[in-house]
C-alpha cells in the first residue's frame with residue numbers, strides 16, 4: 001500500500017451524490033469542510049515540503065441520509081500568481097521561490113526586498129475557522145481567506161494586520177457557548193517589542209444579523225504577553241482554554257527573525273530559521289479571560305514541542321492541561337516530500353513518536369508551601385507541580401498514552417472535564433492508517449482500520465440531546481488505495497467505534513490537515 005503525497009489533486013466543484021452503504025442517522029444534518037495541501041508542482045517547479053502545497057478543500061454535505069461531495073482549490077492570490085506564471089513564485093515556509101532566470105534586474109531586486117521584509121503567503125491550507133457568521137480558510141500567517149463553505153468558492157482576502165498588529169496567528173481558535181471566538185497571534189518588533197497578543201472576536205448580536213460587518217472589526221485585545229527574546233518568538237499551532245483561563249505554552253522552539261530576513265539571500269527556506277533549544281525549559285502561561293491578567297505563578301516544565309492541545313479544564317483549584325507533545329522537531333522534518341517518498345517509519349529514521357501528556361497547574365497561592373513539595377492534590381493523576389521557590393513550580397506531566405495525534409473531542413466538553421479523545425495512531429509512522437478512541441479513565445483504546453485505507457483526523461458530531469459525552473458519530477475522510485475504488489466518508493458510532501455508514505464519493509481523496517463541521521439549521 002502506498003500513496004503519492006506529491007501528486008496534484010483534481011478539483012470537482014460541481015456536487016456529486018455519493019453512494020451510501022449502511023444507514024446514516026436521520027439526525028445527522030450538516031456539512032463537513034476539510035482543508036489541506038493539494039497542489040505540489042506548478043510547471044517545472046515543485047514544493048519541497050508537503051505543508052507548502054496550495055490549499056485544496058473538500059466538502060461533504062449530509063442531508064436526509066444522503067451525502068453530496070464537492071472539491072475546489074482555494075483561489076488565493078498565491079494560487080493565482082503561481083498559475084499565471086506557470087511556476088511557483090510565492091515562497092512558503094519550507095520552500096523558497098526564486099524568480100525566473102529570464103526576469104530583469106528590477107524584478108529580481110523587488111523580489112529580494114519582499115523577502116527581506118516578508119509579505120507572507122495567503123495560501124490558507126491548514127484549517128477552516130469561523131468568525132462571526134463567516135467561514136475562513138486559514139494557515140498561520142496574517143492572511144485568511146473568506147470562503148463559502150457550501151460551494152467552496154473563494155471570497156474576500158482578510159489581513160489581520162488591518163485590525164491587529166499580528167504577523168502570525170494560530171489556526172486553532174476556541175469558541176465559547178455564547179459564540180465568542182478566542183485566538184492568539186504574534187506581533188513581531190512592533191514599536192520595538194515582540195509579543196503574543198490574545199484577542200476575542202465577539203459573537204454576532206441580533207442587531208448585526210443580516211449586515212455585512214467584518215467580524216474582525218469588533219476585535220478586542222484581552223492581553224499581551226512579551227516574548228522572552230525580542231527577535232525570537234516561539235512557534236505555536238494551538239492553545240488551551242477553560243471557562244476562566246487561557247493557557248499558552250511558550251516552548252523553546254523559536255523563530256529567529258534576523259535569520260529569516262536573510263534567508264532568501266542565503267538560499268535557504270524560512271523553516272531553517274526555526275530552532276529547538278532542548279536545554280531550555282518550557283514556560284506555561286495562565287491568563288484570566290475576564291481580566292486579561294496573568295496568574296502570578298510561573299509554571300515550568302522540560303523542553304518539548306506541542307502542536308495540538310487536546311483540552312483543558314478546571315478542577316478543585318487546578319487547571320488540567322492535556323496536550324500531544326514531542327521531544328524534538330522531527331514531525332515537521334518528516335513531511336519534506338523527499339522523505340515522504342522514502343521509508344517514513346519512526347524506527348527506521350530514529351524519530352521520537354509523540355505522547356499524550358497531562359499537566360496539572362495549581363492556581364492557589366504557594367505561601368506556606370515548602371520548597372520541594374508537590375502542590376497537586378488531585379487523586380486521579382500522577383502529574384506533579386513541585387515548588388522550586390516562591391512563585392515558581394516545576395511541572396511534570398503524566399503520560400496517558402503514546403503514538404496518538406490529531407486529537408479531537410466532543411467540543412461541547414471543551415473547557416470541561418472530558419473522558420474520551422478521538423484521533424489518529426502514529427505509533428509506527430507519521431502517516432496514519434488507524435483512527436482510535438481513547439478513554440482517559442480506563443486508559444483503554446479501541447481502533448478502526450481497513451487494509452489499503454488512510455483515514456483523516458476524526459471529527460466528532462454530538463447527537464442532539466445526547467445522553468453521554470460519546471453519544472454521537474465520527475466523520476472521517478478516507479483515502480482508498482484499492483485500484484478502481486474511490487475515497488469515502490466514513491461514519492463511526494462515537495460509543496462503540498463501529499461503522500455506521502460510508503459514502504463513496506467516486507473521486508480520489510488526498511491527505512489533508514483539519515476539518516470543521518457546520519450543522520444545518522432549519
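Glycine residues also receive a Cβ, built from the backbone N, Cα and C atoms like all the rest.
As annotated by TrEMBL, Fe cation binding site applies to 172, 237, 308, 514. Cβ neighbours within 10 Å of residue 237 (Fe cation binding site), excluding its own Cβ and spanning all shown chains: 15.
Taking the Cβ of residue 514 (Fe cation binding site) as reference, residues of its chain lying under 8 Å away and at least six apart in sequence are, in sequence order, 34, 35, 36, 126, 127, 128, 171, 172, 406, 457. Around the Cβ of residue 172 (Fe cation binding site), a 10 Å sphere holds 19 further Cβ atoms from the protein chains shown.
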